[in-house]
Amino acid sequence: MRRGWKMALSGGLRCCRRVLSWVPVLVIVLVVLWSYYAYVFELCLVTVLSTAEKVIYLILYHAIFVFFAWTYWKSIFTLPQQPNQKFHLSYTDKERYENEERPEIQKQMLIDMAKKLPVYTRTGSGAVRFCDRCHLIKPDRCHHCSVCAMCVLKMDHHCPWVNNCIGFSNYKFFLQFLAYSVLYCLYIATTVFSYFIKYWRGELPSVRSKFHVLFLLFVACMFFVSLVILFGYHCWLVSRNKTTLEAFCTPVFTSGPEKNGFNLGFIKNIQQVFGDNKKLWLIPIGASPGDGHSFPMRSMNESQNPLLANEEPWEDNEDDNQDYPEGLSSLALETET
């Protein structure tokens, strides 16, 4: 009886957690819907008197709004990609591993299994990166997300504002969403500012639209500042071919820690996220190149470009098996373990 109650309580808590996880998304959606009403109706249709100005404002606004909404949708509903079956332990290997009580033997077993896989990163102690919850050998740049309860390929972070794990399958869409969010806020702020001044000076009548216009400018500026910082940070990560987790914890390879282990050069780093077709860099179509299980490494390119080997190696040595509590990324309020 007690066990049944515990299971029911646990299931209820998980259900509540799933529902509450959509609250940040709901907040963003409500703010965006209000901004649409305030800009289109209260500003363009009521406050702006010039017909030509109304048309220009509305066309440009809706062009930006479509891409903003499209990329936000893709960031939310593009599922994180998980490691394929060959990285999972077979039933026999799983039993052997769990029944073995000696840590050094378990470590050697994982090393032997990893020899058959394209795995080049290790934990801080040099062991093979293994997830004891998903029972798999982690591919390079893969991490376990405690919120999604699964291992995610090239995991960057878990973002509550999209209620999704940002990784290999949707990092491109997330960056595009940040870019169009910044553009959306900037466009609203610049077009609303002149009417804000007119209301402030009393050149326009004090009607209901006044409060929408004033508050619209305040909200747009507030979101712009926070978003441009976050977007700038992720642009820096892309230029170095790093994830948020790799920026906090230097990846360890078979040869040792290397902070620039995946840095292929500026252009190639961008192509690793957005692909080779530049026409699709601004459109949320297509995912990043590759399969998400293995990635080009700096060491493999040094023979073609010896200048890549001139930088000094990173000295930090962090353990990859550590847990990442909620709030890892202070800019985005995001988690990963």
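A Cβ is built for glycine as well, from the same backbone N, Cα and C atoms used for every other residue.
Non-local neighbours of the transmembrane segment (20-39) in the same chain are 61, 65, 68-69, 72, 76, 147, 160-163, 188, 192, 212-213, 215-216, 219-220; each lies 6+ residues outside the stretch with a CB under 8 Å from one of its CB atoms. Annotation source TrEMBL lists transmembrane segment at 20-39 (among others).
The feature transmembrane segment is assigned by TrEMBL to 55-73 (among others). Remote same-chain residues near the transmembrane segment (55-73) are listed as 28, 32, 36, 39-40, 43-44, 48, 162, 173, 176-177, 179-181, 183-184, 187-188, 191, 282, 284 (criterion: CB distance under 8 Å, separation of at least six residues from the stretch ends).
Mean pLDDT, taken over the domain 'Palmitoyltransferase DHHC' (129-247), works out to 94 on the 0 to 100 scale. Residues annotated as domain 'Palmitoyltransferase DHHC' in TrEMBL: 129-247.
Taken from TrEMBL, the feature transmembrane segment applies to 177-199 (among others).
Taken from TrEMBL, the feature transmembrane segment covers 211-233 (among others).
The region 'Disordered' feature in TrEMBL is assigned to 293-337.
Positions annotated as compositional bias 'Acidic residues' by TrEMBL: 312-323.
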Counts of helix, strand and coil residues, the domain 'Palmitoyltransferase DHHC' (129-247), according to DSSP = 68 helix, 16 strand, 35 coil
Ask   = Taking residues 6+ outside the transmembrane segment (211-233), which of them lie with a CB under 8 Å of any CB in it?
value = 31, 35, 37-39, 42-43, 47, 175, 178-179, 181-182, 185-186, 188-189, 192-193, 195-196, 199, 331-332
Query = Who are the chain neighbours of the transmembrane segment (177-199) in space, where the CB to CB distance is under 8 Å and they lie at least 6 residues beyond its ends?
reply = 35, 39, 43, 47-48, 57, 60-61, 64-65, 67-68, 71-72, 74-75, 162, 206, 210, 213-214, 216-217, 220-221, 223-224, 227-228, 230-231, 234, 282
